[in-house]
Amino acid sequence: MKARKNFPLHVHVSALFVVLILAVGVLISSIVHSLSRNMLETAASDTTQRMGLEMHDEVRKLLSPAEMAVKLLGQSALVKAVSLQQRLDSVGMIREAFDTSPTLNALYIGYPNGDFFYVRQLRDDADRALVNAPPKARYIVQSIEHQPSSSVGRFLLIDSDLKVLNIIDRPDYPAAFDPRTRDWYRSANETGKLIRTQPYVFFSNHKVGTSLAVAGGVPGVVIGGDITLDTLGQALSLVPKPPGARLALMSRGGEVIADGTVPAASLTTLGPDQTPRLRLAREFGEPLLARLAMDIPASDGIREKHETIRLDGHEWYASIGRLPLGDHDPLFLIYAIRKSDLLHGADRLRSISLAVTILIVLLAIPVIWLGARRITSPLQSLTHEAEAIRHFEFTQEFEIASRITEVNELSTTIDSMRRTIRRFLHIIENVAKEPRVDRLMPMLLTETMSAADADSGVLYLVDEATLEPASVWNTRSMNGDVPLDQTTLDHTLSVIRDAIRDGTPHTGYLSRDELAAAKLSVLAGDGGCHAAAVPLLNRQRDPVGVFLFLRATPMERAQLSFVKTVAGLAAGVLEARELIKAQRDLFESFIQLTAGAIDAKSPYTGGHCARVPELTKLLAKAACDATTGPYREFKLDEQEWEALHVAAWLHDCGKVTTPEYVVDKATKLETIYNRIHEIRTRFEVLKRDAEIACLKAIAAGEDTAAAHARRDLELSQLDDEFAFVATCNIGSESMDAAHVERLKQIGARTWQRTLDDRLGISADENRRKDGTAAQPLPVREPLLADKPEHRIERGERNRIAADNPWGFRMTVPDLLYHHGELHNLCVQRGTLCDEERFKINEHIVQTLIMLSQLPFPKHLRQVPEIAGGHHERMDGNGYPKRLTREQMSPLARMMAIADIFEALTAADRPYKKAKTLSESMEIMWRMKQGGHIDPELFDLFLTSGVYRDYAQRFMSSEQIDAIDIERYVEAAEIG
């Protein structure tokens, strides 16, 4: 058969590059889009200028007629009128001014003597409702006349025919209003020109407007007018603008005067003094308006400012146009539009251009496909094979036939790579499944032997000059495993020494004598064989082991390279396993160290931290072995057993933070030492005082027998009182109200201190005394006292916030410690006050905090929950989180039972006698009934015999007595 002629791949592919010219279409689209964008931005700028001119004309249309009306009124007879009647004669002229200037809301005139004449239109029912005017009322006149004898204020309601409908006397009006004090009056008088105020909200009708004022023909007379700006908002709404554009008119101070999208009523609000005012841009809750209002001061003096801003993920094209109003403050026209809306046309044009380009490409696809079909078919097959390798699918076989030389070579290489990766992944998968080192090494050896096609193999571990055969395998033997003795580098094969010395694989032929000398004849049979030694190097390139493979033929180069790679994997796996084991051993040592330190810290804890793990594990094993009852399906895997082990040993690790004197407090007055000695000394002082008083009385002439009798009585009473205080200090009996009252009476006794109690004390004690003034010596002090310095404040770091991240729900005392003498002596039961009892209980809080800060691996993340729940109750009344049974894991509930039982039966606590089994079960049964411990686990604790197994290991024979399980177990099978 004639061989097919092969051609290089580039000959077939070169023709395809011609179609890349179509990329020019994309470039053209980009250029068209850029030009269109520039045109649209220019058009937007022109639109802003046009709208500015239109709004300027609109404002002038509003102001010009009103200004003319005010000026004409200033030249009328009204300026010389001196009475209300004369001024009413001008109402007709004022009506004409209203008719010719629709924006005029009111006209008024102020006189130099304080007279005031004000006319305002009542355009609708809302205006009339503000002044309680009848429906026919068209105008309201407000008048102030100052007469020689009095001042008269009147409100007149006038209809459209200028007839007076009603006259309302307002005697308080002249006193409440004086036009001469108003800004418009004074400004017009001072400047002599027409003045205009900034836009504001009229008090009369709550509409937005501005006021005009000009001095009249008579000195001291000023004519003013109010102009409403409602029509500006209407004008803005009628301005043609793109969809989504925003247009508003603002003052220099950022007040919104008009907005085409906001009703006029929404532009006003009430100020702090309940007077209406214009709303600021930032008060509309629109970041865009607020941002543009902030830029207005920087735009003053500039006719038009353009900028691009980004808000809430949108880019805006914005402009601020200045509308000059003669000598008055300008207004500012705000215009903004999203760039996406502005450039919608350009984007659409770009999309069309791209669509055309894509259409051209689609039309060219058939031509490209026809030309490349024969070329790409083998490549597609190779792609499928590579895709299968990428997905680690090695079962499918591929056959590639191509005229392209490079494709054929690539096919051969990919197939070889597929087989190599499949074998390597198989080794990795088997190694990864095996966590135990003792089973891992035989697996590494057999898998590597398979890859090397070896008949026999040995995995040696290197320890300095010693070689320890960790695994041996011989395919010729029945079970494969062959025992070998330990050897040294000096007595081993040369290929092994060279491989270890150089850190590279070595091969060679081994004769029968060489094998016998190395005691390896059992692996090679009667004759010689070929050997390959591959070192296992750790990350520091130090040898940790060596593979020795024996086979009948020399190992191929490719096989040796693959085995070298597998050896690198094996070295890494062995090192990682050893590191993990070392870390586990170190972690276990720290656990044991911490628990031992806690047990050694105080004689009151004994071996608690060591015994609780044993009892917890016994109960957990009983739950796993249960075949009936609620725990028949309960199982723990190896990782869960490890979590339980760690949690049990560290369940009281927070006790390292508990002060030793609090844990060991044996009397009520004990802190670092027993303060009963201080109290005894004070009683001794009082007894000496009694002796001295007796001697002084005798010296003063009193009967000796009487003085001695009084002294003896007082001494006897002091002895009795001290004995009572000392008894209270022991804390063995409950303190009732009578005892507390007697303590207070004894404490009320005083003794004389002549030495400064601020000498020789620490800086911390001095700071606590700073709040109390030092008293002049000598001073009488109570025999028993709760002094301010006895109160140790609780700092922020010692508080537990209600929203703490750990979920603690504990009542925290206000003080960290309270060393008050009466406070401690009056403790009703035991020796601990509330603050100290909380400090004892706080050890579980510290346990949870400490454990939650440790970076536990995933399988140990349950440790804080298991360790920190042994003081919780099933009814939710425990601490520190007040968890209920349903909120606790079974392991945490087991820990609670183990902690309680160990504490009851411990014989190494100096402060109590160990309980017997029956006494302990009676107490725990009551705890079960009271919702303290899990009833199901307590039943399992009894029926499984866990209590008995523990007792035989850790309790004395005197404690182990008979118990009636049936009395404590409800509806359970006795096992």
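Cβ from N, Cα, C; glycine included.
Remember, TrEMBL labels are computer predictions, not curated facts.
Only residues 6 or more beyond the boundaries of the compositional bias 'Basic and acidic residues' (762-771), in the same chain, are considered here, and those with a CB under 8 A from a CB of the stretch are 788-789, 791-792. The compositional bias 'Basic and acidic residues' feature in TrEMBL is assigned to 762-771 (among others).
Taken from TrEMBL, the feature compositional bias 'Basic and acidic residues' applies to 783-795 (among others). Under DSSP, residues within the compositional bias 'Basic and acidic residues' (783-795) fall into helix, strand and coil as 3 helix, 3 strand, 7 coil.
Look at TrEMBL and you will find 373-426 tagged as domain 'HAMP'. Summarising model confidence by region, the domain 'HAMP' (373-426) averages a pLDDT of 66.
The domain 'HD-GYP' annotation in TrEMBL covers 748-957.
Summarising the annotation, TrEMBL assigns region 'Disordered' to 762-795.
Residues or ranges marked as transmembrane segment by TrEMBL: 12-32 (among others).
The transmembrane segment annotation in TrEMBL covers 352-372 (among others).
Listed as Cβ neighbours of the compositional bias 'Basic and acidic residues' (783-795) (distance under 8 Å, sequence separation of 6 or more from its ends, same chain) are residues 679, 682-683, 686, 725, 743, 746-751, 765, 768-769, 771-772, 812-823, 825. Residues in the compositional bias 'Basic and acidic residues' (762-771) partition by DSSP class (helix H, G, I; strand E, B; coil) as 7 helix, 0 strand, 3 coil.
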